[in-house]
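Let me begin by presenting the structure, written as structure tokens, before commenting on it.
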Amino acid sequence: MDEDHTLSESAAEAVHLAAVLAHIDRPIVLVGMMGVGKTSLGRRLAALLGVPFVDADDEIEKAAHMPIPDIFATYGEAFFREGERRVIARLLGENTPGDAIKGLKLPHAGNGKAGLKVLSTGGGAFVNDATRELILARGIAVWLDAELETLVDRTARKGNRPLLKTGNPREILSNLKSSREPFYSQAPIKVMSGNVPHSRTLASLMVSLDEWLDAHGAKG
């Protein structure tokens, strides 16, 4: 009896997941602060939906042929943001020509067909007006948020955060969070990422995504 009940629940979950996936017609784009868990959650979401996962930062490094910290150190943040915008435009299918910027050649946008995917973006991507408008127009933006202390704890585990090397990391994160939240809040979906198992955050994201699809008539 218990086994039959478990199988029934699993079947119902599979049917529900298929229904949600059937109504997603564009990439899901994760935005939010560094350390909020966009990459780790994005991989799990993509696996659950059976679609590709793409990390915009990885694609930027491939396009520039150098690590992001080196891009910041050599060319500065403004250059990085322009390259970031172009790469995200390509990933979302915008037909913008690739060209050389200060010696780094960025890839052509291709045929403009983005396809279904989960795209994780850098913390500052959604703050850029052009990048934000593109994401809102061509993707389903999901803001992953977290408490400041959670961000401080998570980012302390990695030493590859260029913006945190210019002063006190906690103070920098606090200022960045305050200044960026008005931009992040323009995403239609918000999910909290706390000190809970990834499965719980993923479940919350799926519920929010389902509600958004219902509210926008995407499911009938």
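Including glycine, each Cβ sits where the backbone N, Cα and C put it.
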Same substrate site per TrEMBL - residue from ARG170, ARG180 joining ASP57, ARG81, GLY123: ARG180
Listed binding-site residues among LYS38, THR39, SER40 whose Cα sits within 10 Å of GLY123 (substrate binding site): LYS38
Residues ASP57, ARG81, GLY123, ARG180 [recorded substrate binders]: greatest CA to CA distance in Å: 18
Number of Cβ atoms other than its own within 10 Å, given for ARG81 (substrate binding site): 17
Shortest C-alpha distance to SER40 (ATP binding site) - which of the binding-site residues ASP57, ARG81, ARG180: ASP57
DSSP three-state assignment (helix, strand or coil) for SER40 (ATP binding site): helix
